[in-house]
Amino acid sequence: MSITPLMPVYPRCGVRPVRGEHCHLIDEDGTRYLDFASGIAVNLLGHSHAGLIGAIQKQAETLMHVSNLYGSPQGEELAQKLVDNTFADTVFFTNSGAEAVECAIKTVRAYHQHDGNDERFEIITFVNAFHGRTMATISASNQEKMHKGFNPLLPGFRYVEFDDLEAAKAAIGPQTAGFLVEPVQGEGGIRPASQEFMQGLRKLADEHDLLLALDEVQCGVARTGTLYAYEQYGIEPDVVASAKGIGGGFPIGACLATEKAARGMTFGTHGSTYGGNPLGMAAGMAVMEAVANDEFLAEVRAKGERLRSRLEQFIGNYPDLFESVRGMGLMLGMKMKVEPRPFMVHLRDHHELLTVAAGDNTLRLLPPLVIGDAEMDEFFEKLSAGAASFQPEHA
Ligand SMILES: *Cc1c(COP(=O)(O)O)cnc(C)c1O
């Protein structure tokens, strides 16, 4: 037998973390890494946040899971907190990002189909989007590398160019049910949509009775300096998929919707055994209590601006390596003139700095939102040393 006990779907690297301390990860062999990956935008409170640990410990001792057969004081509390702080009137809790997007897709279809309008099923999505790895969410993305081996895909998605309002408009037909879009593409390379695009989609949705569903699984929950990224576009969506940071490392997700958008999501239409269990809700509450306030969000914006301006200065020293800095808040990307993956590996293996490569030749910087000046300085020391010693493979 040559297959590994862990199904070999991930090309894992040699770093094997066993412990986390604030913004650092410690490997099996004791090596200490500065973590500017945050478990892919998940550990927004860092790795040993006392409030989050305490909340999970306390809830684990009290009650972990009961299923959705029973009333949920814990779910009601977190749902109310999300409703109070967002556009939403109602929330469905999931265990992951893909499931939150899946719920968003079902909500968009059911909005039209709950009263028999079955010909409206198509959702317009965007080139280089990433929405997850379930059958519906890979079908929602045009990326063929995720489709191969898994055909046939789920019908009912139409891909158009990201940030191209005219293309989105031209794709609308009698079968269209809504839009699904990341306000800031994450895996696609930290590409924020323009103001005109997001506002234009809102207007098109209103004109054609379509739902505007946002995938904020990566950019949501304070990452961009507002609780959700849509706030910075001066629009209100109909549906938002949230996950990653929302549990701070505990696997939960949420699908947020207005009352109108959720009109098809009635008794018996959807469900999840674990979704919204007391343990997950305690983690979500601890995260929301930490991040959903003006003081914390202003800090994220200030840190994001500081990191960005220092990066912009920095890349001037290496015009052959870096092209530009982009993103919002502490969701930043360095667009490179070379493949970002070998540089990410170099930073990791020779300078103990963890980052994440993304599409469009971009190196993603996703530090915990609780980083301080010391970690910021450490980051630039490591990045400078890494850039100075890096030898791109010349063709
Ligand atoms: C990570 C991600 C997902 C999928 O989340 P999982 O928890 O891996 O299922 C969906 N959409 C976006 C934008 C993401 O970044």
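Think of each number as a place in line: the chain as shown, counted from 1.
Every residue, even glycine, has its Cβ placed from backbone N, Cα and C.
The pyridoxal 5'-phosphate binding site annotation in TrEMBL covers G97, A98, F130, D215, E216, V217, Q218, T273. Sequence annotations record features per position, and here TrEMBL assigns N(2)-acetyl-L-ornithine binding site to R133, S272. Among the features that TrEMBL reports, N6-(pyridoxal phosphate)lysine is placed at K244.
Features as recorded by TrEMBL, highlighted on the structure.
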{"residue": "G97", "record": "pyridoxal 5'-phosphate binding site", "Cβ contacts under 8 Å, 6 or more apart": "G132, V217, Q218, A241, A243, K244, G253"}
{"residue": "A98", "record": "pyridoxal 5'-phosphate binding site", "Cβ contacts under 8 Å, 6 or more apart": "H131, G132, R133, T134, T137"}
{"residue": "F130", "record": "pyridoxal 5'-phosphate binding site", "Cβ contacts under 8 Å, 6 or more apart": "S141, Q143, E182, Q185, G186, E187, G188"}
{"residue": "D215", "record": "pyridoxal 5'-phosphate binding site", "Cβ contacts under 8 Å, 6 or more apart": "V101, A104, A129, H131, L180, V181, E182, A241"}
{"residue": "E216", "record": "pyridoxal 5'-phosphate binding site", "Cβ contacts under 8 Å, 6 or more apart": "E182, P183, Y228, A229, Y230, V240, A241, S242"}
{"residue": "S272", "record": "N(2)-acetyl-L-ornithine binding site", "Cβ contacts under 8 Å, 6 or more apart": "N68, F93, T94, N95, E99"}
{"residue": "T273", "record": "pyridoxal 5'-phosphate binding site", "Cβ contacts under 8 Å, 6 or more apart": "S67, N68"}
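Proximity of the binding-site residues A98, Q218, S272, T273 to ligand 1, judged by a Cβ distance under 6 angstroms to any of its atoms, singles out A98, Q218 in sequence order. With all protein chains in the displayed structure included, the most crowded Cβ environment within 10 Å among the recorded positions R133, K244 is that of K244. A simple way to gauge crowding: the CB of V217 (pyridoxal 5'-phosphate binding site) has 30 other CB atoms within 10 angstroms, across all the protein chains here.
Take the CB of Q218 (pyridoxal 5'-phosphate binding site) and look out to 10 A: across all protein chains shown you find 29 other CB atoms. When the Cα positions of G97, A98, F130, D215, E216, V217, Q218, T273 are compared pair by pair, the longest gap among these pyridoxal 5'-phosphate-binding residues is 25 Å.
A helical conformation is recorded for A98 (pyridoxal 5'-phosphate binding site) in the three-state DSSP classification.
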